[in-house]
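> Handing you a structure now.
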Amino acid sequence: MNHTHLAECSPRKPAATHSRPASGMSFLVVEDLKVQLDATDRLLRDLGAADVEGVTSGMAALKRLRDPRLGAQVMLLDVAMPDMDGIELLQALKSSREDDPPTAVIINTACVPELLDAVELLAREYHPRVLGSITKPLTAAKLAPLLERWHASS
């Protein structure tokens with residue numbers, strides 16, 4: 001009896017070609033929830049990121065940004081975190097002037113869309129390179145336009 005495998009009967013789909021707006025870029029992801037941190041890491045790597053480092057608190061992010069070896073081009077920043085929230089992190093960076101030149105920032109938060117503009121406006125008060133803000137869950141469709149904005153400004 002001749003057996004045919006299902007894979008042999010199914011038409012092969014061509015490999016999907018995805019835009020890779022994060023190609024070659026380096027990121028610092030500041031997110032207190034491990035599941036969100038891991039999902040963001042995977043998404044950025046799928047979009048072509050060369051380097052993704054994740055930290056789970058504002059204090060850890062401040063420490064990493066003080067390290068000249070980090071070299072992150074863009075920081076994806078959660079707003080609501082324990083110990084030091086995202087806005088407090090931007091405030092600390094502004095007062096210490098340790099983020100020079102400033103790392104570009106994308107606000108990534110679960111706040112209701114009506115508050116997102118206010119959060120972004122507040123972030124811009126403390127940081128000169130806020131590229132924009134995104135509500136969770138983070139997707140390639142939401143992130144790509146902000147990465148294009150980074151490419152246009154760099």
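Placement of Cβ uses the backbone N, Cα and C atoms for every residue, glycine included.
Note that the structure is predicted; figures quoted are calculated from it, not measured.
Sequence annotations record features per position, and here TrEMBL assigns region 'Disordered' to 1-20. Annotated domain 'Response regulatory' per TrEMBL: 26-151, in sequence order. What TrEMBL lists as 4-aspartylphosphate is Asp78.
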> What mean pLDDT does the predicted model reach across the domain 'Response regulatory' (26-151)?
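Its mean pLDDT is 92.
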> In terms of DSSP three-state secondary structure, what is the assignment for the residue listed as '4-aspartylphosphate'?
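Looking at the DSSP assignment, the residue listed as '4-aspartylphosphate' belongs to neither helix nor strand, so coil.
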> With an 8 Å cut-off on Cβ-Cβ distance and a minimum sequence separation of at least 6, pull the same-chain contacts of Asp78 (4-aspartylphosphate), or say none.
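Listed in sequence order: Val30, Glu31, Asp32, Leu33, Gln36, Gly86, Asn108, Thr109.
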> Per DSSP, what is the residue count of the domain 'Response regulatory' (26-151) in each of helix, strand and coil?
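Residue counts for the domain 'Response regulatory' (26-151) by secondary structure: 58 helix, 26 strand, 42 coil.
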